[in-house]
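What Swiss-Prot records for this protein:
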type	residues	note
BINDING	Gly115, Val116, Ile117, Gly118, Asp119, Thr139, Ser140, Lys152, Lys161	NAD(+) binding site
BINDING	Glu194, His256, His275	Zn(2+) binding site
Amino acid sequence: MNAIPSASSVQTVHVPLGERAYDILIGPGLIARAGAEIASRLKGRKAAVVTDENVAPLYLQALVASLDEAGIASAAVVLPAGEKTKSFEHLMTACDKVLEARVERNDCVIALGGGVIGDLSGFAAGIVRRGVRFVQVPTSLLAQVDSSVGGKTGINSRHGKNLIGVFHQPDLVLADTDVLNTLSEREFRAGYAEVAKYGLIDKPDFFAWLEANWKAVFTGGAARIEAIAASCQAKADVVVADERENGPRALLNLGHTFGHALETATAYDSSRLVHGEGVSIGMVLAHEFSARMNLASPDDARRVERHLQEVGLPTRMSDIPGALPPAETLMDAIAQDKKVKSGKLTFILTRGIGQSFVADDVPASEVISFLREKHP
């Protein structure tokens with residue numbers, strides 16, 4: 001890990017994707033600078049700001065004021081908060097409002113919110129007028145380190161999570177770390193699961209750094225900025241190597257195959273399970289399943305579980321409130337996973353901490369047996 005920078009600094013992570021290249025700015029005070037940063041990069045002078053009922057009272061006024069100061073006229077679209085907003089109904093509401101605001105191709109849609117708002121707004125930006133400019137202003141840790149970067153957008157289906165969507169890269173990401181101070185402890189912990197994921201994929205030194213410094217990351221300041229920047233750089237590196245998820249980008253789904261199945265099983269009820277919590281449980285399950293398949297040591301799974309438990313994240317299916325459906329139902333959700341190819345199951349498994357890999361054609365019989373063991 002690099003030395004921790006001063007708390008007042010803003011870090012920039014560049015995502016070099018040719019004509020779709022963009023910057024991720026990370027640090028305090030970026031919402032106040034949003035108008036100037038957008039105006040310096042985009043030609044259009046109109047914006048539709050998509051946000052939710054929780055975020056709007058906190059940050060919408062400040063963002064609109066910043067846009068006004070930069071000469072960018074804006075209209076706001078305020079949607080309900082929560083995972084269930086990722087639906088066709090709310091997507092069409094957003095699209096209609098963007099069109100009502102007469103946003104043209106050189107203008108932009110701005111996502112002001114967490115992963116739900118970012119995913120839905122990006123989908124709207126990708127399909128309105130066959131594509132308008134898009135800016136992410138993520139307000140959750142999970143969105144800052146994961147969903148705002150990389151161009152994946154989408155909504156959920158009754159068949160599973162994120163199954164309907166497009167790739168539409170943002171033109172700019174403004175990760176204002178000040179906004180994280182208003183997150184609940186549960187929301188911050190959920191985002192931290194995605195931070196830990198990058199260490200578990202291929203950066204064992206980063207995972208070890210997190211084990212030693214997680215309390216400082218939770219406290220805020222320089223360690224938090226460093227963790228977010230390292231996470232964004234890790235994701236940017238993978239996205240540049242495989243923008244359309246035809247190969248190594250699938251590694252970013254570590255923990256997500258099991259996690260998405262659990263989210264589907266709980267009907268996206270955030271009172272029971274939020275995305276980062278599903279990823280936390282999923283990462284432990286992925287390491288345990290790898291050990292079961294004699295790919296990794298059980299000690300690695302125990303180490304992952306120990307750290308995630310230490311920060312207060314759920315690590316077992318039994319940690320989810322309420323009853324879960326049987327293993328066979330979970331298996332049905334896994335079979336709908338986006339990584340399935342020609343009906344064959346694909347998982348992100350591991351040979352050790354920071355040694356994740358794409359495992360094709362995983363035997364369904366092994367998975368169902370494992371699920372029955374973990375959820376009898």
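Placement of Cβ uses the backbone N, Cα and C atoms for every residue, glycine included.
Features as recorded by Swiss-Prot, highlighted on the structure.
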residue	record	DSSP (3 states)
Gly115	NAD(+) binding site	helix
Ser140	NAD(+) binding site	coil
Lys161	NAD(+) binding site	strand
Glu194	Zn(2+) binding site	helix
His256	Zn(2+) binding site	helix
His275	Zn(2+) binding site	helix
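For Asp119 (NAD(+) binding site), the same-chain residues 6+ apart in sequence whose C-beta sits under 8 angstroms from its C-beta are Lys86, Ser147, Lys152, Thr153, Gly154, Ile155, Asn162, Gly165. The Cβ of Ser140 (NAD(+) binding site) lies under 8 Å from the Cβ of Gly113, Gly114, Gly115, Leu180, Leu183, Glu187, Gly191, each on the same chain and at least six residues away in sequence. The two recorded residues, His275 (Zn(2+) binding site) and Lys161 (NAD(+) binding site), show a Cα separation of 10 Å. Compute the center of the Cβ atoms of Glu194, His256, His275, which mark the site for Zn(2+); besides them, the chain residues with Cβ within 8 Å of that center are Leu142, Asp146, Ala193, Lys197, Gly255, Gly259, Gly276, Gly278, Val279, Gly282. Of the recorded residues, Ile117 (NAD(+) binding site) and His256 (Zn(2+) binding site) place their C-alpha atoms 19 Å from one another.
Counting only the Cα atoms, the space from Lys161 (NAD(+) binding site) to His256 (Zn(2+) binding site) is about 10 angstrom. For the NAD(+) site, whose binding residues are given in the record as Gly115, Val116, Ile117, Gly118, Asp119, Thr139, Ser140, Lys152, Lys161, the maximum C-alpha distance rounds to 21 Å.
Of all the binding-site residues listed here (Lys161, His275), the one with the fewest other CB atoms within 10 A of its own CB is Lys161.
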